[in-house]
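Visitor: I have a structure I would like to understand better, so I am pasting it below and will then ask my questions one at a time.
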Amino acid sequence: MSVSDSETPAYGAAQPAQPRRKTRIPHLRQMKADGERWAMLTAYDYSSARLFEEAGIPVLLVGDSAANVVYGYDTTVPITVDELIPLVRGVVRGAPHALVVADLPFGTYEGSAQQALAAATRFMKEGGAHAVKLEGGERVAEQIALLTAAGIPVMAHIGFTPQSVNTLGGFRVQGRGDGAEQLIADAIAVQEAGAFSVVMEMVPAELAGQVTRKLTIPTIGIGAGPDCDAQVLVWQDMAGYTSGKTAKFVKRFGDIGDQLRAAAAAYAAEVREGTFPGPEHSF
């Protein structure tokens, strides 16, 4: 039985009908208790989010890393709430069973807990996000507490915090030497404030493992060794979509960039040669 033209979407493929459990925060807690590790990826649009859900990724982060990989900024600092909200909408639609977390951009939460609440509320109401992420440890505990009390789940982010790249003096490992005590204090502070999980970025593996064992909430590593409860990567780095040098903690699991470049070149060549579209692609 063939599908009629009216039933075939003009662009992209139809959404597959695959019943799947909606990922919720209690599931992540249970996975930690059971010693079951899980993967998180960034996502910035409907199509990639759909693929990641089909691949079994339970948590998707609409990260402020969109500043780099979507908008082409040099750092994450310039991106705004208005630039991120449309991306969140697409991801939520593309991955209806994933837990979708939205990053609070630089300058939208540091000033006060009320400022954080205003920004987070926009992501929940206008974007459809299920949770928000913000950077910082003890210094943002008040913000985390207010958001949690208001019914907004919070994923914390400690260690290297990209929004503070100018203060930190570049991309540097955090938590070495005397910094270990502060990182542990930050981890405990965000847990006590009500965060449901915490990202640890560019932290020595041994220290990250120590924090993971100390906390009752899941830890998510990026450049923090193998002992975290979960791992996260920017999807373009993970899939080999970006070119050039990547961070030490990145492993490329594909070569999407080369494949896409080759596909685009082949398409352009067939158009120039007049071989596309052929009879099979014409009405």
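Using N, Cα and C of the backbone, Cβ positions are placed for all residues, glycine too.
Note that the structure is a prediction, hence the values are computed from the model and not measured.
So Swiss-Prot has the following annotated:
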type: REGION; residues: 1-24; note: region 'Disordered'
type: BINDING; residues: D64, S65, D103, K133; note: 3-methyl-2-oxobutanoate binding site
type: BINDING; residues: D64, D103, E135; note: Mg(2+) binding site
type: ACT_SITE; residues: E201; note: active site, proton acceptor
Visitor: Under 8 Å Cβ to Cβ from E135 (Mg(2+) binding site), same chain, six or more residues apart: give me those in sequence order, or none if nothing qualifies.
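Guide: Correct list: H157, I158, T161, P162, Q163, S164.
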Visitor: Would you kindly give the Cα-Cα distance separating E201 (active site, proton acceptor) and K133 (3-methyl-2-oxobutanoate binding site), rounded to the nearest Å?
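Guide: Each residue's Cα considered, K133 (3-methyl-2-oxobutanoate binding site) and E201 (active site, proton acceptor) end up 13 Å apart.
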Visitor: Which chain neighbours of the Mg(2+) site, leaving out D64, D103, E135, have a Cβ atom within 8 Å of the mean position of the site's Cβ atoms?
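Guide: Not counting the recorded site residues, we get G63, S65, T76, L104, P105, F106, K133, L134, H157, P162, Q163.
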Visitor: Inside 10 Å of the Cβ of D103 (3-methyl-2-oxobutanoate binding site), count up the other Cβ atoms and send me the figure.
Guide: 29
Visitor: Can you check what DSSP calls D103 (3-methyl-2-oxobutanoate binding site), collapsed to helix, strand or coil?
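Guide: Looking at the DSSP assignment, D103 (3-methyl-2-oxobutanoate binding site) belongs to a strand.
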Visitor: State the three-class DSSP label for S65 (3-methyl-2-oxobutanoate binding site), counting H, G and I as helix, E and B as strand, and everything else as coil.
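Guide: Once the DSSP labels are grouped into three classes, S65 (3-methyl-2-oxobutanoate binding site) ends up as coil.
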Visitor: Looking only at C-alpha atoms, tell me how far D64 (3-methyl-2-oxobutanoate binding site) is from the residue listed as 'active site, proton acceptor', rounded to the nearest Å.
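Guide: Cα-Cα, rounded: 14 Å.
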Visitor: Round to the nearest Å and give the CA-to-CA distance linking the residue listed as 'active site, proton acceptor' with S65 (3-methyl-2-oxobutanoate binding site).
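Guide: Computed Cα spacing between the residue listed as 'active site, proton acceptor' and S65 (3-methyl-2-oxobutanoate binding site) is 13 Å.
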Visitor: Give me the count of other Cβ atoms within 10 A of the Cβ belonging to K133 (3-methyl-2-oxobutanoate binding site).
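Guide: Around K133 (3-methyl-2-oxobutanoate binding site), other Cβ atoms within 10 Å: 25.
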